[in-house]
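Chemist: The 5-amino-6-(D-ribitylamino)uracil binding site annotation in Swiss-Prot covers Phe15, Ser47, Tyr48, Asp49, Ala71, Val72, Ile73, Leu104 and rests on sequence analysis. Annotation comment: Swiss-Prot describes Glu76, Thr77, Arg119 as (2S)-2-hydroxy-3-oxobutyl phosphate binding site, evidence class sequence analysis. Residues or ranges marked as active site, proton donor by Swiss-Prot on the basis of sequence analysis: His79.
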Amino acid sequence: MPDQSINLAIVVAEFNYDITYLMLQRAIAHAKFLGANVKVVFKVPGSYDMAIAVKELLKRDDIDAVVTLGAVIKGETKHDEIVATQTARKILDLSVEYGKPVTLGIIGHGVTHEQAVERIEEYSTRAVEAAIKLAKRLRELRKIQTLNEEMVVIE
């Protein structure tokens with residue numbers, strides 16, 4: 001029987017690395033706990049730079065889902081809003097384009113450094129859980145050849 005575990009890639013921003021490093025450690029540990037394989041950790045300078053790395057990882061047949069991890073801290077301008085909004089939009093577009101989950105483990109916008117620290121565990125573990133759940137459910141859906149009159153629930 002072939003291995004049914006989920007192969008993940010994690011794209012992590014180096015900006016605010018005191019936060020994202022801890023997010024990465026939590027994400028790797030949680031993926032292992034849930035039985036998934038982290039095949040690639042790809043570091044990018046900042047959250048805004050994630051899209052190109054995500055795209056390259058989604059092209060790979062040996063990657064089932066991509067988890068993104070970042071922290072976009074509020075500054076004196078609206079720069080954090082632009083970064084967070086555009087990053088989220090683009091990675092969602094890539095997920096739909098490639099038919100693979102890309103989950104949003106990016107803290108912000110509008111958060112302080114202290115608020116971001118408080119959210120490390122929640123954002124990293126939820127992003128991993130969502131990636132694994134969605135990859136497994138998509139795998140099950142794609143196995144179904146024909147839908148008959150009975151309702152199918154994939155969970």
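If you go along the chain as it appears here, the first residue is 1 and each next one adds 1.
Glycine is treated like the rest: Cβ placed from N, Cα and C.
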Chemist: What is the interatomic distance between the Cα atoms of Ser47 (5-amino-6-(D-ribitylamino)uracil binding site) and Arg119 ((2S)-2-hydroxy-3-oxobutyl phosphate binding site), given in whole Å?
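Modeler: Distance (Cα to Cα, whole Å): 16 Å.
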Chemist: What does the structure give for the C-alpha distance between Glu76 ((2S)-2-hydroxy-3-oxobutyl phosphate binding site) and Tyr48 (5-amino-6-(D-ribitylamino)uracil binding site)? Integer Å is fine.
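Modeler: Cα-Cα, rounded: 18 Å.
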Chemist: How big is the Cα-to-Cα gap, in Å, between Ile73 (5-amino-6-(D-ribitylamino)uracil binding site) and the residue listed as 'active site, proton donor'?
Modeler: 9
Chemist: Spatially speaking, which of the recorded positions Thr77, His79, Arg119 is closest to Leu104 (5-amino-6-(D-ribitylamino)uracil binding site)? Use C-alpha to C-alpha, please.
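Modeler: In terms of Cα distance, Leu104 (5-amino-6-(D-ribitylamino)uracil binding site) lies closest to Arg119.
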Chemist: Using a 10 Å radius around its CB, how many other CB atoms surround Glu76 ((2S)-2-hydroxy-3-oxobutyl phosphate binding site)?
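Modeler: A 10 Å sphere around the Cβ of Glu76 ((2S)-2-hydroxy-3-oxobutyl phosphate binding site) contains 6 other Cβ atoms.
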Chemist: For Arg119 ((2S)-2-hydroxy-3-oxobutyl phosphate binding site), identify the closest of the recorded positions Ala71, Val72, His79, judging by Cα separation.
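Modeler: Sorting the recorded positions by distance from Arg119 ((2S)-2-hydroxy-3-oxobutyl phosphate binding site), the top entry is Ala71.
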Chemist: Provide, as an integer number of angstrom, the distance between the C-alpha atoms of Thr77 ((2S)-2-hydroxy-3-oxobutyl phosphate binding site) and Asp49 (5-amino-6-(D-ribitylamino)uracil binding site).
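Modeler: Cα to Cα, Thr77 ((2S)-2-hydroxy-3-oxobutyl phosphate binding site) and Asp49 (5-amino-6-(D-ribitylamino)uracil binding site) are separated by 19 Å.
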Chemist: Write down the Cα-Cα distance for His79 (active site, proton donor) and Asp49 (5-amino-6-(D-ribitylamino)uracil binding site), rounded and given in Å.
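Modeler: Between the Cα atoms of Asp49 (5-amino-6-(D-ribitylamino)uracil binding site) and His79 (active site, proton donor), the distance comes to 14 Å.
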Chemist: Tell me the Cβ neighbour count for Ser47 (5-amino-6-(D-ribitylamino)uracil binding site), meaning other Cβ atoms within 10 Å of its Cβ, over all protein chains shown.
Modeler: 30
Chemist: Using a 10 Å radius around its CB, how many other CB atoms surround Ile73 (5-amino-6-(D-ribitylamino)uracil binding site)?
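Modeler: So the number of other Cβ atoms within 10 Å of Ile73 (5-amino-6-(D-ribitylamino)uracil binding site) is 20.
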